[in-house]
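Structure first, then comments.
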């Protein structure tokens, strides 16, 4: 682009003999003027004062007019022949070393007073520099610029920054990059009174042409000085694409939370436009199998669903093709070839197998599966069709698992299980059905599938506690456990003890507890002898402070009561009802209400009546405290209930503030009273005696503390022996007896606690 501009400049300077002769006369006149102005050019003020890059030079009468007329015809501003071409040759890298050196020398400044008669060009010259030129004319430009370099034998580069001029040493070939590295804030001045400046009024940082254009100034009152402006836009690093800058005027929605568009990472295929293949009914029966394979291969193309407007026609062609394949499998019976198995499995892998990153909350907090909403797959229209097509393919009566097992192998199963971590519940539901069908078809893969699922559960329990598909895997296992043959293998019992029971300790139990409870009940139905191990495992992981999780455990215990055998119930009744008694006294009314609702179950009620001699003494104190509070409420009337102090005392004494809980506890005690009144009276008497003993121990403890306080008041420090002495001997004896009584009371309490346990 610069070559054409240089060619026009050369033509202008060499166009007429009159212009060349006049220029020689101008050079001689300027040499005479330079000798007179050398004293003034040595002043630093004149060298650094020209910040606007203006140029003042004398022009010849004939030569300038002729060049001006030619410049107007070509759409450019008049220039001064060879000297102008040497200055403008700095706009781009010269084609020859001579042109680059001459252009850089013409841009430098001389302290000794040597001047050059360069005249700056205007913005029109910059526009002309973008046009295409011939390479041969750039060589002429180099020769013309070298002649101008001879006129300046000792150039010195001076860069002014922050009103301070720094002079460099004499360089044989000063370059533009050297000037750029100095980052000048003021133009480079020359003593001759001419200046070369770049046109940066457009302010474009994306300017691809690093042009330093010369322009004529209209202000003649400025001091005659020559300078070079190196614009910031000419820096090489600023030519790189810059990031989008925020507009301060625009309003930013800082409250809006970012949205994740997909829970997995698909890799779209290279864009290849799809063409609609003919329908199956449009071809002959012999061509349907090749057409089937061609349609399956066509579905291997992946689309980017992050851009809804991208290739809408291609997405629709793929969806309709999958629908045609599904309809063809359902409505036709034919023998599947080996090639069909390979292409179908390959298409399933390409469309569905992909890495699934861990879920991350876009706000920045830890992802909570209970509160954060899952992100659905944007490509679900195609994924759903692929799942349905593969499911129809596997369920088809023409499917031969002997041929398919070389394609649906262990690696296929592992990748399929990884997809269960998808956040999209629709995909997990399709995966559940697909894996279950594969488990039923491929007998050789059953043990591997169970073992792989066990590994996922173990990693979930003891390492990550994050996996989205636990509920779906447990649902598959529920149907698998239901089909176990009796007696159960040791492998299945180990799975119950080491996998299913420890699953209760995970914090996100609520996501899969119904499926887990179903698996536990299925095991107990298969083998009732496992009841003791299951109940003791639940009591081991029983929550201490999480009331919501405690209600889940109580629901599971209720399900176990439905299938428990009477003989197995006897083995676990003591530890189980000790925990249930604690739940009855729980301040959380839903926990107490859930336990007391067991008495509405007829089977549970029969078990309690048959084993009342063991059960009633354990739960009687908890039930009696609730009923005594109900009697207190009835005796005092409604006024006492409205009293806030009575409500606080009620919550402390009875363990529950809900009156409905008191009524349910009274109903449970009434059942025991009616079925076995003798046992009820014995338990009542035992409870009252224990209450009296507790009161006596409380009074005795208070007396002992009072004696101890009196003993401390009568102590005095013996400074000689550093021992404590008692002033009154009677107090010494009373203190000794009080300490002995405290020791005996503590031993009695420990004995009572051990007997209850």
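First residue shown is number 1, and so on along the chain.
Even glycines carry a Cβ here, placed using N, Cα and C.
In Swiss-Prot, the feature phosphothreonine is assigned, of 242, 272, to 242; the remaining candidates carry no such note in the record.
Looking at 96, 257, Swiss-Prot tags one of them with phosphothreonine, and that residue is 257. The feature region 'Disordered', as given by Swiss-Prot for the ranges 710-733, 734-757, sits at 734-757.
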